[in-house]
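Beneath this line is the structure, given in structure tokens, with notes to follow.
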Amino acid sequence: MASGGQFPPQKQESQPGKEHLMDPSPQHASPHYKPANKLQGKVALVTGGDSGIGRSVCYHFALEGATVAFTFVKGHEDKDANETLELLRKAKSSDAKDPIAIAADLGFDDNCKKVVDQVVNAFGSIDVLVNNAAEQYKASTVEDIDEERLERVFRTNIFAYFFMARHALKHMREGSTIINTTSINAYKGNAKLLDYTATKGAIVAFTRGLSLQLISKGIRVNGVAPGPVWTPLIPSSFDEEEVKQFGSEVPMKRAGQPYEIATAYVFLASCDSSYYSGQVLHPNGGAIVNG
């Protein structure tokens with residue numbers, strides 16, 4: 001497992017990055033993980049499930065018995081999406097339906113509705129919604145962030161969470177769960193990722209507020225705030241020297257691997273977390289944060 005200073009210098013030119021081009025490849029599976037049918041019979045929809053944390057979440061959900069659907073960016077993430085589909089087909093339980101991948105730009109309400117409709121048409125319901133897709137871009141100053149980019153980042157990173165939730169909830173029953181991916185940056189700030197950080201703070205507030213709205217319906221809403229994790233967003237966001245040192249800033253002095261984060265989603269999606277709602281888990285390499 002790479003530690004700080006052990007990633008080869010590398011750079012990808014477009015967001016959200018491609019996992020199959022990364023060196024080393026992110027680790028989506030732990031050799032020590034033991035499935036226990038925690039999600040048997042459930043339908044899970046994961047946005048941005050083609051790579052990184054999303055891929056690992058999909059994989060672990062499939063191991064736990066869930067039928068899985070995920071979204072990806074068409075024309076950019078097709079290869080990663082196909083690799084994830086093959087991975088899920090091999091991991092799924094015999095009584096789970098075949099996984100599906102849905103190409104979508106989630107920054108627009110109509111597209112989110114189409115995604116939800118496609119999942120419901122295929123599988124009948126949604127038991128677990130994971131809002132995970134995101135974009136991030138470096139900027140040295142607030143003046144460098146123009147209106148077009150600001151709107152794009154907010155559409156993908158927080159508008160889509162609202163859109164997906166409002167449409168998925170029509171098909172979610174008591175006992176269902178929503179899990180939102182936020183970030184350590186929401187708690188510590190990040191001068192280089194100002195607009196991204198603002199959206200991640202909004203996701204924390206959205207998670208808390210929505211949990212209060214839905215608690216009477218028996219639907220739980222929680223979040224996960226990863227620290228530095230080796231995903232395609234990293235070589236597509238930072239320069240080669242920053243990539244080389246990625247993860248060295250946290251107490252464990254290394255970046256996390258996707259599988260080290262995905263188990264938090266399994267916990268929050270399953271009945272093991274039945275007394276959790278409005279909470280955020282912090283798999284971040286030992287960084288101390290408030291919240």
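Keep in mind that glycine also has a Cβ here, set from the backbone N, Cα and C atoms.
According to Swiss-Prot, the feature active site, proton acceptor maps to TYR196. Residue density at TYR196 (active site, proton acceptor): 26 other Cβ atoms are found within 10 A of its Cβ, drawing on all protein chains shown.
The NAD(+) binding site annotation in Swiss-Prot covers 45-69. A 10 Å cutoff on Cβ-Cβ distances gives GLY65 (NAD(+) binding site) a total of 19 other Cβ atoms nearby, all chains included.
Here SER183 (substrate binding site) comes close to TYR196, THR197, LYS200, ALA225, PRO226: these same-chain residues lie at least six apart in sequence, with C-beta atoms under 8 angstroms from its C-beta. Annotation comment: Swiss-Prot describes SER183 as substrate binding site.
Sequence-distant neighbours of the region 'Disordered' (1-35) (same chain, 6+ residues past either end, Cβ-Cβ under 8 Å): 48, 50-52, 55-56, 59-60, 63-65, 73, 76-77, 79-80, 83, 87, 133-137, 230-241, 243-249, 253-255, 257-260, 262-263. If you look up Swiss-Prot, you'll see 1-35 marked as region 'Disordered'.
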Practice item. Look up VAL57 (NAD(+) binding site) in the DSSP assignment and report helix, strand or coil. Key: helix
